[in-house]
Amino acid sequence: MAEKNSELSAQERAGRPFPVSWDQFHRDCRALTWRLNEVGPFQAVIAITRGGLVPAAIVARELGVRVIDTVCIASYDHDKQGDLKVLKGISEATAKLGGGTGKGLLIVDDLVDTGKTGKLVREMLPDAHFATVYAKPKGRPLVDTFITEVSQDTWIFFPWDTALSFQPPIRDGAA
Ligand SMILES: O=P(O)(O)OC[C@H]1O[C@H](OP(=O)(O)OP(=O)(O)O)[C@H](O)[C@@H]1O
Ligand SMILES: Nc1nc2[nH]cnc2c(=O)[nH]1
Ligand SMILES: [Mg+2]
């Protein structure tokens, strides 16, 4: 049974779908910025690619921050998590702004799930502020600021990964 479970993708294990529209995502990013505005000011925003790019753009716009950098990490192949690979760290100029430890820098990602990605970035920039839009319980302790907690058995569907499609009526057995 345990073997069977390990064959399941993270999305299959999660089971419960949580679709997010562009409109909802934009609202949640704005709500996140209201909280971050109390914590800043921040010298730069660092997006964890790729999912962090969209919230980072919105948050940076709302905070009036124009220095934006990326940490590029690959771990999930669609919905299966493998070993984490850091494809690119922050630039020398951004590292200098954060005094080498990330002080005054804001790291943004779309979500934390197991927390593996967040843990790795925290190790790179221990004094940076880490914000995500959504958080699942396992990853939540790693995040300084987030907006919505969803249960661990939830899979979040982002608007850039999805399209509108027909759904059968609930009466006919729709989830
Ligand atoms: O807390 P964890 O279990 O580590 O998962 C969270 C990470 O997973 C997703 O990224 P993904 O690796 O799918 O890459 P992407 O952002 O390029 O889609 C998401 O954007 C987070 O960065
Ligand atoms: N889209 C998406 N990617 C993830 N990566 C880890 N957890 C999730 C999730 O719930 N949704
Ligand atoms: Mg990501």
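Cβ coordinates are placed from backbone N, Cα and C, and glycine is handled just like the others.
Feature list (source: TrEMBL):
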type	residues	note
BINDING	Arg50, Gly51, Asp109, Asp110, Leu111, Val112, Asp113, Thr114, Gly115, Lys116, Thr117	5-phospho-alpha-D-ribose 1-diphosphate binding site
BINDING	Asp110	Mg(2+) binding site
BINDING	Asp113, Ile156	guanine binding site
BINDING	Asp113, Thr114, Gly115, Lys116, Thr117, Trp155, Ile156	GMP binding site
BINDING	Asp113, Ile156	xanthine binding site
DOMAIN	21-166	domain 'Phosphoribosyltransferase'
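Taken residue by residue with DSSP, Lys116 (GMP binding site) is part of a helix.
Among the listed binding-site residues, namely Arg50, Lys116, the Cβ with the most fellow Cβ atoms inside 10 Å is that of Lys116. Under the DSSP three-state reduction, Arg50 (5-phospho-alpha-D-ribose 1-diphosphate binding site) is assigned to coil, being neither helix nor strand. All protein chains considered, the CB of Asp113 (5-phospho-alpha-D-ribose 1-diphosphate binding site) has 24 other CB atoms within 10 Å. In this structure the alpha carbons, written CA, of Thr114 (GMP binding site) and Ile156 (guanine binding site) are 13 Å apart. Of all the Cβ atoms in the protein chains shown, 25 others lie within 10 Å of the Cβ of Thr117 (5-phospho-alpha-D-ribose 1-diphosphate binding site). Between the alpha carbons (Cα) of Leu111 (5-phospho-alpha-D-ribose 1-diphosphate binding site) and Ile156 (guanine binding site) lies a span of roughly 9 Å.
Long-range Cβ proximity for Asp110 (Mg(2+) binding site), meaning a same-chain Cβ under 8 A and a gap of 6 or more residues, is found for Gly51, Gly52, Val54, Pro55, Thr132, Val133, Tyr134, Ile156, Phe158. Around the Cβ of Gly115 (5-phospho-alpha-D-ribose 1-diphosphate binding site), the same chain contributes Lys138, Gly139, Arg140, Pro141, Leu142, each under 8 angstroms and 6 or more positions distant in sequence.
In the three-state DSSP scheme, Asp109 (5-phospho-alpha-D-ribose 1-diphosphate binding site) falls into the strand class. A Cβ distance below 6 Å to any atom of ligand 1 is met, among the binding-site residues Asp109, Asp113, Gly115, Lys116, Trp155, Ile156, by Asp109, Asp113, Gly115, Lys116. Between the CA atoms of Thr117 (5-phospho-alpha-D-ribose 1-diphosphate binding site) and Trp155 (GMP binding site) there is a gap of 17 Å, rounded to the nearest whole number.
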